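Visitor: After the structure tokens below, expect a handful of questions from me.
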Amino acid sequence: MSRIWDISQPLHAAVPVWPGEPAFSLHSHAVIGEGCPVNVGGMFTPLHAGTHGDAPLHYSNDGASSADCELAPYIGPCALIDVRHARGRVEIGDIDWSCVDGAERVLLRTYEQFPHEKWDSDFTAVAADVIERFGAMGVRLIGTDAASLDPEQSKTLDAHQAVKAADMRILEGLVLDDVPPGRYELIALPLRIVGADASPVRAILREIA
């Protein structure tokens, strides 16, 4: 049986969120006890907390919401590339481009160890010309273990705009610590949330036999 890696962050009250956003929360409406046979709960989550997929609506007012995103980019063969040596931003020279050949999905590992316990303002972003080159090579989806493709304080979102121009899709907040670089099958479907600019995903990688 093929090995499966869960590359999703666990969602809980202390999961790091973007500065100024409310925390993830889980609450109970009912608990098993006398007169109640079931546990029933609800949750609140910022759409960009944890492992998530940005919908085009996030960076374009006329972009598709999570409910309207084509699912095909989120399923299929991918290349996982180690770019932990990049500093501040992944640049053209940080990537072994032979690893990208033929890949429609590319995941970038930037962290030595994923910061599960606290928000990291100094995460490694991705240069717009890297996105452009991915697009020219036929890449349909880019994923990263960082919180965003663009720096935290960016107002121009150059990488996101390059994604828009190439009609690519985005996964952010992946946990890639335990997965060796190489080729895998990716499955990371967004929820069908009408009007949402992003969605949580349960992202997995499956070993290709």
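Just so you know, glycine gets a Cβ as well, placed from its N, Cα and C.
Per Swiss-Prot, active site, proton donor/acceptor is recorded for His58, and the stated evidence type is sequence analysis. Positions annotated as substrate binding site by Swiss-Prot: Trp18. Summarising the annotation, Swiss-Prot assigns Zn(2+) 1 binding site to His48, His52, Asp54, Glu172. The annotation Zn(2+) 2 binding site is assigned in Swiss-Prot to Asp54, His160, Glu172 on the grounds of sequence analysis.
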Visitor: In whole Å, note down how far the CA of the residue listed as 'substrate binding site' lies from the CA of His52 (Zn(2+) 1 binding site).
Guide: 13
Visitor: If you count Cβ atoms within 10 Å of the Cβ of His160 (Zn(2+) 2 binding site), leaving out that atom itself, what do you get?
Guide: 23
Visitor: Between His160 (Zn(2+) 2 binding site) and His58 (active site, proton donor/acceptor), find the distance joining the two CA atoms and give it rounded to the nearest Å.
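Guide: Rounded to a whole number, the Cα-Cα distance is 9 Å.
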Visitor: Could you name the residues, excluding Asp54, His160, Glu172, of the same chain that surround the Zn(2+) 2 site, i.e. Cβ within 8 Å of the Cβ centre of those residues, in sequence order?
Guide: His48, Gly53, His58, Tyr59, Ser148, Leu149, Asp150, Val163, Ile170, Ala198
Visitor: So which one is it: of the recorded positions Trp18, His58, which has the fewest other Cβ atoms within 10 Å?
Guide: Trp18
Visitor: Kindly assign His58 (active site, proton donor/acceptor) to one of the three DSSP-derived states: helix, strand or coil.
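Guide: His58 (active site, proton donor/acceptor) sits in a helix per DSSP.
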Visitor: Whole-number Å only: compute the distance from the Cα of His48 (Zn(2+) 1 binding site) to the Cα of the residue listed as 'substrate binding site'.
Guide: 8
